[in-house]
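> This structure is in structure tokens; I'll ask about it shortly.
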Amino acid sequence: MSGWEGSGAPEHLLRALRAEPPLVQCITNYVAMNIAANVLLAAGASPAMVSDAAEAGEFAGIAGAVTINIGTLSAAFLDGMNAAILGAQAAGRPWVLDPVACQATRYRREVVQMLVAQRPAIIRGNASEILSLAGEASHGQGVDGRDTVAAAEDGARRLAQSSGAVVAVTGAVDYVTDGQRAVWIEGGSPFMPMNTALGCALTCLCGAYAAVTDDAFDAAVGALAHFAVAGARAHEGAAGPGSFAPRFLDALALVTPEALAGAVIRDASVPA
Ligand SMILES: Nc1ncnc2c1ncn2[C@@H]1O[C@H](COP(=O)(O)OP(=O)(O)OP(=O)(O)O)[C@@H](O)[C@H]1O
Ligand SMILES: Cc1ncsc1CCO
Ligand SMILES: [Mg+2]
């Protein structure tokens, strides 16, 4: 099918987001901070990189959503993450988890399990990270995915069922599931994984979409469709990852709700 039907379709969410730009509190890594903020601004949202525990919980009370990324994990970041999650939960706002390189060290494996237990609305990671979270063998090399998204399909569905989160697995073709509903999303560009932190930025955009709908599945599909359409457009005329990067920011901003309606989204739901 082409396009996700109904009021939760990406084009409707993008219209809502542009009409009232959501404030998204991003606790992300040092590599991603600037890239993710620019991605959110281009897409139409309002980023704030607020992570210290002294204010992260209070700030979460005024944000539309919180996003948490363990890319450059430290004790100080972790304190801020826990404060922000408590603040988001007290305010009834969703939070999104990016389990960067969670397969790599015991510290990351333990921290990410503790975070998953705090009920993120969405978990967005590459296939190697999602396989590890699902308890399966992962071939991830540090922060880079080395597994196919198809290999993580079953694990993603089980992880969604056990955690209660919508799970979004990204790669050449993306997969999103809430444990029952599922879609494949096509598009993007092979230059995307050659630009650092675009996945981290996408996690922040999942927060922006989650701020404008109560349905975390629709939010994840909307954010990933926005990246897929903008990435494919930016690929046209790009000579490599360097010239791709500014075209991608332009494309994120120039994508219209009507263009998002043309995103290639294939239903893969398990029959009830
Ligand atoms: N080969 C590819 N072709 C098309 N799009 C791709 C490809 N690989 C990744 N993407 C897209 O790039 C974006 C980021 O996904 P990716 O899986 O690379 O994240 P990641 O590994 O977490 O990145 P990072 O940790 O560097 O932020 C997604 O929108 C995804 O669809
Ligand atoms: C390169 C890198 N190292 C830690 S986080 C990060 C950004 C991509 O995940
Ligand atoms: Mg990543």
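Placement of Cβ uses the backbone N, Cα and C atoms for every residue, glycine included.
TrEMBL entries are annotated by machine, without manual review.
Here's the feature list from TrEMBL:
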BINDING   Met49, Ala197  substrate binding site
BINDING   Arg124, Thr170  ATP binding site
> Consider only the binding-site residues Met49, Arg124, Ala197: which of them have a Cβ under 6 Å from an atom of ligand 1? Write none if no residue does.
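What lies within reach of ligand 1, judged by Cβ under 6 Å, is Ala197.
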> Please determine which of the binding-site residues listed here (Met49, Ala197) has the lowest count of neighbouring CB atoms within 10 Å.
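Looking at the binding-site residues Met49, Ala197, the Cβ with the fewest others within 10 Å is that of Met49.
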> What's the number of neighbouring CB atoms sitting within 10 A of the CB on Arg124 (ATP binding site)?
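I get 32 for this one.
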> Distance check, please: Cα of Ala197 (substrate binding site) against Cα of Thr170 (ATP binding site), rounded to an integer number of angstrom.
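About 13 Å separates the two Cα atoms.
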> Using DSSP with the three-state reduction, classify Ala197 (substrate binding site) as helix, strand or coil.
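SS state of Ala197 (substrate binding site) = coil.
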> May I ask for the distance between Arg124 (ATP binding site) and Met49 (substrate binding site), taken between their Cα atoms and rounded to an integer number of Å?
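Counting only the Cα atoms, the answer is 18 Å.
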